[in-house]
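> The structure's right below; bear with me while I get my questions together.
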Amino acid sequence: MTATVDKGRSPALKGRWAAMPKQVRWAAIAALIVLLYILPNRWFYEYLGFPIGSEYFAFYTTRSDFAGVLFDTAVFVLLAVGLNVVVGFAGLLDLGYFGFYALGAYTVALLTSPESRLGTNWPWLAAVPIAVMVAMISGVILGGPTLRLRGDYLAIVTLGFAEMIRLYAARNEGVLQGQRGIPAIPHPPGTGSDGKPLFGVVDARPYYWLLLTLILLVIVLVRNLANSRVGRAWVATREDEDAAEVMGVPTFKYKLWAFAIGAAVAGLTGAVFAGKQTFINSDQFVLESSILVLAAVILGGAGNIKGAIVGGAITWYLPEWLRGVGDLVGVEFDAAEYRILVFGLVIIVMMIFRPQGIVPNRRRAAEFADRRQEAVPQEKVPSE
Amino acid sequence: MNFDELLGNFPALTITGLEQGAIYALVALGYTLVYGVLRLINFAHSEVFMVGTFTALWTWEALGYDQNSPSPALGPLILALVAGLVVAAVASAATAVTVELVAYRPLRRRNAPPLAFLITAIGASFVLAESFGIGTERAPFGMPTLIPAETAFTVFGAAVTNIQLLILGVTLVMMIGLDQFVNRSRLGRGIRAVAQDADTAALMGVNKNRVILLVFVLGGLMAGVAALLWNVRYGYTKFNVGFLIGLKAFAAAVLGGIGNLRGALLGGLLLGVAENYAAGLFGGDWKDFTGFVLLIVLLMFRPTGLLGESLGRARA
């Protein structure tokens, strides 16, 4: 049995990309980023000559506001990039990622909303760092006892954590105001050129741009971390924790770091979400979403930031887009209803046939192939 | 903090706790068995339980009972209970086996890392829950009242109902049966051998895959029994009914020492009782948190549980 190491989709394409002059590559990346910023603008499509609002659906979602969909997709991408640090880099399974997201959102809501019973009335911007810190600290509190033991306990503890946060938010009629939730969360600050506030209720574009900027920032940070001493420690821990420990890597410390960084990114995302939504309650933080983010990371390719981006875009954007396509074909088809089912199946199938994901991290793909090769003898018992 | 509530209802809370704990214990067995042999948290086990609750309900519906039908006489009642039990146990076991064959075995063949198993497990769990959720339109379903709750006797002023006796009785019988099976029978020896050292056991002629299959069957059967008891006691089910039960059952398994069968019983009963005390003390809203908080505290101070882990050493 020959285990083939899958090195990306096509080595030729990758090689050609790497062979291009640095300036060309930078220009291409810059062009892509600019395109991402223009994407939600209507005039862009009108300029290109696409008849908006008619039958056209190349990648426009016809059923829901496109900028809104882009914002939600960006939320998922940022979450996937954060979770990728935990699952992909450090190899820890965090099933309650949305719990930290909820913490971030609630922290902002409590601190800023005039309806909040804390009565602090902070501006949105001041509450964001607090939200990130709260998420990070709760990650340390949760990860501390669990990560010292086996990693697999972390999975169930985080699973419980996310659900407990949601249940608590739903039941607590005091500060968190139960199912009614917390309304009147202020928007991010800023005034547009026309004198109106930059971040309003109707237009989702500024929020998308804000999130896109944050995504780029987080990506730069995470990339640098992954390429540093910390990143190497993560890889070593993921591949063989005992060996890493023997080699002098303080595995517990780095695992906790990965977990806390992941939690902080989720808290940040939650804070932005609260700023856009202006109203949050416990129903927005269902457990299924945690699983969707996990599916995004796995599907895209854990350990690869590009993979996380691709995965995040697929898990959120694709079902929305399919709804529009269904309309066009004349089928009433709510892809969102089947989302969890489909992505659950996708996770199972991927783990068996392509555990490295769509855009694999080369190193991780090699790990899988390695283990596969080691597996063969003991399972080939003739009686099977 | 409401100490009056706790002390005033102490016997009643204890009895309710034992009854709920018995159900946790039965579900916890499934986690403990699979964990003992495969070192895998089988997230899909909560859905194995859920399938049991639905199939038992459908069996009763097929027998002509619905929510409004009067409770049957003793003869038909026993028939309905046994039919529900058999169908639920078989369906749960079949679900567990399907998950093993479709999801876990291919991974073992590829020697996938532990993370891949966990991810697959959560995927399987959600696929099962969602297919029932979509199939039943996410509605809750009421059960026929087969056994009307009657007080059998009172201890310290707390009423013990016939249903509670049934639950505790069935759980004890199942536990003793399973314990004897694992400790005495040839197949049970195989389970213990694989739990101790899978490779050596394979060299000694134990068919590892068959043992693993057996473990899933046993866990599924226990979950099916738990599902029937749940139906009789709580009288409703929903596609996500397994989630909280599964979480608590896992906490119970860790509490008793995961991989330890008797630990699962002890952990389940303790958790059930602790939960009800907490509900008395802090109010019902906090009940569901107890198991979770207990789990985290336990992981901090005694991660191997009360009776210690390892199915391999389950003789003691």
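We number each residue from 1, going along the chain as drawn.
A Cβ is built for glycine as well, from the same backbone N, Cα and C atoms used for every other residue.
Annotated transmembrane segment per TrEMBL: B:22-41, B:77-103, B:115-135, B:155-178, B:211-233, B:239-258, B:289-308, in sequence order.
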> If we call contact 3 or more Cβ pairs under 8 Å (sequence gap 6 or more), are the transmembrane segment (B:22-41) and the transmembrane segment (B:289-308) touching?
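No, since the transmembrane segment (B:22-41) and the transmembrane segment (B:289-308) share fewer than 3 Cβ pairs closer than 8 Å, they do not count as touching.
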> Counting Cβ pairs closer than 8 Å, which of B:77-103, B:115-135, B:155-178, B:239-258, B:289-308 has the most of them with the transmembrane segment (B:211-233)?
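By Cβ pairs under 8 Å, B:77-103 leads among B:77-103, B:115-135, B:155-178, B:239-258, B:289-308.
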> Using a Cβ-Cβ cut-off of under 8 Å, list the residues of the same chain that are 6+ residues beyond the ends of the transmembrane segment (B:115-135) and lie near it.
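Same-chain contacts beyond the ends: 38, 40-44, 46-48, 50-51, 54, 95, 99, 102-104, 107, 239-240, 242-243.
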